[in-house]
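Asker: Here's a structure for you.
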């Protein structure tokens, strides 16, 4: 086991604070509409330029192990806030730095760290209650756009795109962000259910210009196993031909003779038909086939349930107004399923979302809900260069997370004002002893830090701005750093999701309390550098041999 280096008391806390300051100072320059960029070197490719706090934090590793521990703890604040709320990472980092700085000063002055922690926890709980009480629901698409704009560092176009996407697919809908190959940023909305399986043969294409197979007023056969022969389903195919309607086959696979027969029938014009593989794998495939069955009002033909292809009748097939298939995706629009059954399926999946502990499973279940309940929107982010596209994509991701958080828990006044206004509940709050009171005061002071930093990044004196906002009785009064004017922040459109503000404070206070109560730090001692290997000696007598 390697030898350890142990630091105690002031020495440990000073080194830790240096690490906290290095990370927080790099992150906080990005805060607010006039926040600056941070350039991150990459081991390959162009450097990355970003205004995303968590992206900056994740890149920082310090050579001094004790300083690095402090930096990593604050990195944890940014990561946790990002995981919970998806935005607010820079605010959380600024709050954590402010609480840690003041807290360590108090410890150095001889105060009890545990009582300081109790005071900080007490104050944080009160402020969180006040933030929740102050929040109000998002009323319209315009407010959704404002939240997105603020989170995207003031780019109104991004806010509008997100509001547009959310209106089209609903709050439950899936919105994904991708890089666009062109210059423009655009939103594409896929109505109905889309899954990532394309046609099994290009011969199924009906629109040669777009290379898509488009079937209208279509029957849908859902089969759990592979189809290698069409013999068992001849009676069903005859019924479909008599009905003069197209047929889509969704199965684990359609291969060999079965696929060849379908293609020949299609080319001869006898049967409008297309075949795709079922989405997903294993149990997830079964669940997704069942989703499609409920959406289209059909049944999954499953041997587990004792069903055989030869016994399938036309009323067991699903139906949809339109199916569009390209080489990568299949989209089912306007399925004939009962609304009540679809809603029951959605609530069943929501229960699974609440119970699952896996982030991956949760994401996949949420996608299934969206496909059943709303639809899917894709925001494709464009730009002049790869570096610009990546930087904008970071901001679109942040803005999207912020708008989702706003829909969940409502909005509060933005620009750091909500924290200062919520902090007024601490004016009459006292702890059980002077050290707890000091903890409450630390939080009260720290709540001003985000507004001070926003003003500072805009080139204005943060102390003057914070003083003016604190003295105002109007809860919406604040400083708009974009235009450098004071007034009603709701009218300016400067609003924040309550969830983001709350989460930032809770996570910052939690990690800051841990650092303040730290008394010793342990790290591996650096390995002594071994001496270089010896050379080949003087070779002194060689001259005489020349």
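Glycine residues also receive a Cβ, built from the backbone N, Cα and C atoms like all the rest.
The shown structure was predicted, so the numbers you read here are calculated from the model rather than taken from an experiment.
Swiss-Prot lists 30, 31, 32, 33, 51, 87, 88, 89, 90, 91, 415, 496 with the feature ATP binding site, giving sequence analysis as the kind of evidence. What Swiss-Prot lists as compositional bias 'Gly residues' is 534-546. What Swiss-Prot lists as region 'Disordered' is 526-546.
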Asker: Looking at the binding-site residues 30, 90, which sits with the largest number of other Cβ atoms within 10 Å of its Cβ?
Answerer: 90
Asker: List the residues of the same chain that sit at least 6 positions away from residue 51 (ATP binding site) in sequence and have their Cβ under 8 Å from its Cβ, in sequence order, or write 'none'.
Answerer: 30, 35, 36, 37, 38, 153, 391, 394, 395
Asker: For a quick check of understanding: given the listed ATP-binding residues 30, 31, 32, 33, 51, 87, 88, 89, 90, 91, 415, 496, what is the maximum Cα-Cα distance in angstrom, as an integer?
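Answerer: In whole numbers, the farthest two Cα atoms are 17 Å apart.
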Asker: By Cβ count within 10 Å, point out the most packed of the binding-site residues listed: 32, 88, 415.
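Answerer: Of 32, 88, 415, the one with the most crowded Cβ is 88.
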Asker: Once the DSSP letters are reduced so that anything not helix or strand counts as coil, what is residue 51 (ATP binding site)?
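Answerer: The residue in question, residue 51 (ATP binding site), is coil (DSSP, three-state).
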